[in-house]
Every structure is written in C-alpha cells, then in structure tokens.
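Participant: Dumping what TrEMBL says about this protein:
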TRANSMEM  21-40  transmembrane segment
DOMAIN    23-448  domain 'Major facilitator superfamily (MFS) profile'
TRANSMEM  63-84  transmembrane segment
TRANSMEM  91-110  transmembrane segment
TRANSMEM  116-137  transmembrane segment
TRANSMEM  181-202  transmembrane segment
TRANSMEM  266-291  transmembrane segment
TRANSMEM  303-325  transmembrane segment
TRANSMEM  332-353  transmembrane segment
TRANSMEM  359-378  transmembrane segment
TRANSMEM  390-412  transmembrane segment
TRANSMEM  424-448  transmembrane segment
REGION    452-543  region 'Disordered'
COMPBIAS  469-479  compositional bias 'Acidic residues'
COMPBIAS  487-496  compositional bias 'Polar residues'
Amino acid sequence: MGRADPEEGQLPAPVKPPDGGWGWIVLFGCFVITGFSYAFPKAVSVYFKELMKDFHVGYSDTAWISSIMLAMLYGTGPVCSIMVNQFGCRPVMLIGGLLASSGMILASFTTNIIELYLTAGVLTGLGMALNFQPSLIMLGTYFDKRRPLANGLAAAGSPVFLSSLSPLGQVLLEKFGWRGGFLIMGGLLLNCCTCGAVMRPLDMGKKRKMEKAQDKYEAKEMLPIGGKSEEGISTTDGTKKAKKAKKKPKKGKKLLDFSIFSNRGFIIYTISKFILVLGLFVPPILLVNYAKDTGVPDTEAAFLLSIIGFIDIFARPACGMVAGLKWVRPHVAYLFSFAMLFNGLTDICSARASNYTGLVIFCVFFGISYGMVGALQFEVLMAIVGSQKFSSAIGLVLLIEAFAVLIGPPSAGRLVDALKNYEVIFYLAGSEVVLSAVFLAMATYCCLNRGKKKEPPPEKNPSAGGGSDTEEAESDVQEAEEHSSDNHQPTHSTDNAVVAASEEANHISEEQSGEGGGCPEGDGAVLARDGCNADQTVERDSF
C-alpha cells in the first residue's frame, strides 16, 4: 500500500542504481557517444581544404560546417529533453544514430556548400545531439556511488576519439577522397545505434513481480490452507482494483520541467556555466595560429593540440576518482570552482609565452585543468537537480550554453582581426573563466550553505506526521469491507483480511504514539516516508 503506480499517472518509485553490472556496458556506450559528439565536429576539419577546392569557397565558409554541428548539439537541448521524457532514451538514441549516419552519407553526394550545411551540419548535428543527452541521462540512472568516476570515464571519450578520428580522416582523405571519407564516416556513426541499443532502462518489471509474489504469499499466510487460499488471493486482487478505480484520473506528463528554475543551485550553476563557456574554448581554437605567429613550424604547432588531448585523456578519469571520495563528493561544487580557477589562471599566465617551450608548458597545465572541468561539469549538475529532473535540466543548460558558444569564439576571432594581438585575447578568456569560478564558489557559500544554516529545523508534529501509515491501513480496511459488501459474498477469507489489517493499523498507531512522528531527511524534493506527511519535504538547495 502507498506504492505509486506509473500506469495511473503517478511517478514510480525510483529504482536503486546498480553501480555496476550492465552499467559498465552503458558506460562504454556513453564513452563512445561522448567521443563522437565532441570530437566529430573537430575531426571533419581535415576535409576543409579539399572542400574549398571543389566548391570554390573560403575557409570561413567551410568552418560553418563544424559550427552548425556544435550549434545543433547545444541548441537542440530542450527538444532532446522533450523527446526523452516522451519516448525514453533508447528509441531517441536509435533515431539519433540513424540521423547522424544518414547526414554524412548524404553529404558525400552533395554538389554545393549549402547542401553540406543541411546534411553534414544540421542532420548529423541533430543526430549526435539526440545521442549525447540521453546517454548522460542513462549514465546517471545506472550509477550513484560511483557516478563521479563514471562521468570522468565517459568524458574521456572526447580526447580519445579526437586523437583517433583526425588521423583516420586524413588517411581516408588520401585514399578515397573527401566523398569516400564522408561515406565511411557515416558508416562509423552507425555505431551510435549500437550504443543506443544497449541503453536498457531500469524498469519496474522485476520489482512488480516481487511485489505480486509477496502479496500472494501474505494472502496465503493469513488464510487457512485449502481451497479458500485462491479465494483470498482473488479478494486481494479485487481490493487492489477497487483502489485503482478510486484513484485520481491520470495526469499529463511534463515534457519539459521548468520547475527546476526554482532551484537556487541550478540558477547559480547556469549563470556560472554561461560565463565559463564564453572563454573556455577560445585558447584551444586560437592556439595553433598563435604558435605560428610566434615562429613555431606548422607541424610542431599542430602537435600542441595533441599534447592537450593526451593529458586530457588521463586527467578526466583521475578527476572523477578524486570527486568520488567520501570527503570530496559533498563539496564537489568547490572542486569544480577550483578546476575553473586553475584553467583561467593557466590562460592568463601563458598569455605572454613567446617560445615553443612556454607553449608546451601551457598545453600540459591546460590539458589538466580542461580535463577536470570536463569531468565535473555534468556531475555537479546531477548533484544539484537529481536524476529525476536531469533530463530537463541538461536540455535547458545546453540551450543557454549554445548562446555562449555563438558569442565567445567568434568575438575572440574578431578581436584578433582588429587588434592583431593574441595576448589580449588570452587575458580576456582567462578572466572570464576566473570570474565564473569565483561566482560559483561565492554564490554556493553565501546563497546556499549560509541560507541552509539559518533555516530552523522542522518541528516534530506527532499528531500530523504520525498518522499517515495508520490512516492508510484503516483505509485498506474500509475498502476491503466495501468490496465484500458490493459483491454480496462475505467470505471467511475477507473477514480474516479485515481483522489482520485492523490489527496492523492499531499496532502502527500504538508504535507512533509512543515514538512520535519524526520525519527522516531525504535527498531532493522527495516525499518523506514512515511517519511524514506530504507537507514535510526537503528541497535540494545545495550541491
């Protein structure tokens, strides 16, 4: 009794994350999806020179292909949230894999740059977006205690695939041309469908079977052995059907939950993330050209990005392990602030680097800090809103980040063209990242932690909080009596069930009158159980 029935429009009881088992397969799928989503828009840049020759366009025209992919990845966040909430993660990911693959396959037959924008840009970008967001949602579903480590390992897919897809694209370009390369890349993206197929939802099937078996066992225990056992079981089933008939009509499911904006922690995180994205991607985008302007050869300048990627591969899982420590995880927001501060100071300190050695040192520290930020960003968001609202939260956050992506790097490029000075750009980008770190740390401490300390503890109300189980037991007794009177078949089994339920109600009321109606604390806005009424809830105001 008191169980939520998803068929009646109520939220089902959350299934405990296994923190392993099939979750490792889900983690590997998320690793692959993250790698394709972040690395693919950068990896297609190896084809740009051939596209410029065939279509007679400039570099800025071909660069729009990657920009459109990233814009679709970030800007379609709310659309992905709605589709996930409506259809589930696995169907959305299967459709996304087909769209991403078909976009690159169709791009291999295009005859102008506009068709490339629509196929490789819009279609492939939308397909990767429909894969990326559901994979993170499933990862949060399967992991709880090991979730920081899981996020770190999944985030490592980005540097691993970036270091793999770029050389592969160069080989395909030399052997098959850009059309053959696009065709093969489209085939590789079909692996997204495989990753989507392994995203098995944690449904309530096993739990329902266990509950049904337990109900039958309890009915047999209460009734005398013989032919009346089956009669008692049918009476129990009839009582459940009568309860379902009295429940409220099914409520419409929220496709996008805007109530998360009432969470102060989510607002602070969103503002901080917007400021962060304004400057986070600027240094790696301008690094190669900056090195060339200082006199570094082309091959050595391109190797700088490989250094960042190599360091990033190890930094993300390592940071995930640190974030999962018992004494660190409650303060993961401050660790995220430190990672952003580290990244911003690295940009500022390296702004005046004038030789290759200084740029290599910058790449090492930037790779560490960039990996820390990548490993912690979604872990902090999951800690704020919880797994139940994460699907809506990540969609809205990615949409807000899309505006920052469209503002930050293009503005930096225009400043470089106007000032002809990379030093100012590095100072500006580093200052924006430092500002986001300081804002997150100060707002978390002042607005959340202090406010939580000032709030008085909830008063204990035995009369109000201690009667939920008693009233529920008494309602079951009344429903059992009504059901037996409606059918005009008063049996010995029904009388036994009524007596047992009334004894249970009296036992519960005696225990709660002696102990008082305390309310256990919960995590997130979850209704308290075992002696708590619906008004006593605990809001998630901190990280």
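Cβ coordinates are placed from backbone N, Cα and C, and glycine is handled just like the others.
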Participant: Does the transmembrane segment (91-110) reach the transmembrane segment (424-448) with at least 3 CB pairs under 8 A, where each pair is 6 or more residues apart?
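Facilitator: Output no: the transmembrane segment (91-110) is apart from the transmembrane segment (424-448).
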Participant: Can you find at least 3 Cβ pairs under 8 Å between the transmembrane segment (424-448) and the transmembrane segment (266-291), where each pair is 6 or more residues apart in sequence?
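Facilitator: Answer yes: the transmembrane segment (424-448) meets the transmembrane segment (266-291) with 3 or more Cβ pairs below 8 Å.
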Participant: Please determine whether the transmembrane segment (266-291) and the transmembrane segment (21-40) are in contact (criterion: at least three Cβ-Cβ distances under 8 Å, sequence separation 6 or more).
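Facilitator: Between the transmembrane segment (21-40) and the transmembrane segment (266-291), which are separate recorded stretches, there is no contact, as judged by 3 or more close Cβ pairs.
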Participant: Tell me whether the transmembrane segment (116-137) sits in contact with the transmembrane segment (303-325), defined here as at least 3 Cβ pairs under 8 Å among residues 6 or more apart in sequence.
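Facilitator: No, these stretches are not in contact.
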Participant: For the transmembrane segment (181-202) and the transmembrane segment (21-40), check the count of CB pairs under 8 Å (sequence separation 6 or more) and say whether it reaches 3 or more.
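Facilitator: Touching, yes - the transmembrane segment (181-202) and the transmembrane segment (21-40) meet the threshold of 3 or more Cβ pairs under 8 Å.
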Participant: Using a Cβ-Cβ cut-off of under 8 Å, list the residues of the same chain that are 6+ residues beyond the ends of the transmembrane segment (359-378) and lie near it.
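Facilitator: Contacts of the transmembrane segment (359-378) (Cβ under 8 Å, skipping residues fewer than 6 from its ends): 136, 148, 151-152, 155, 158-159, 273, 276, 280, 283-284, 287, 290-291, 294, 296, 304-305, 307-320, 323, 332, 335-336, 338-340, 342-343, 346-347, 349-350, 353, 394.
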Participant: Need one number: mean pLDDT over the domain 'Major facilitator superfamily (MFS) profile' (23-448).
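Facilitator: 83, rounded to a whole number.
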Participant: Six or more residues beyond either end and a Cβ under 8 Å away: which residues meet both conditions relative to the transmembrane segment (303-325)?
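Facilitator: Distant contacts of the transmembrane segment (303-325): 145-153, 155-156, 158-160, 162-163, 284, 287-288, 291, 332, 335, 339, 359-360, 363-364, 366-372, 374-376, 379.
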Participant: Taking a Cβ cut-off under 8 Å, which residues six or more beyond the ends of the transmembrane segment (63-84) line up next to it in the same chain?
Facilitator: 37, 40-42, 44-45, 48, 92, 116-117, 120-122, 124-126, 128-130, 132-134, 137, 255-256, 391-392, 394-399, 401-402, 405-406
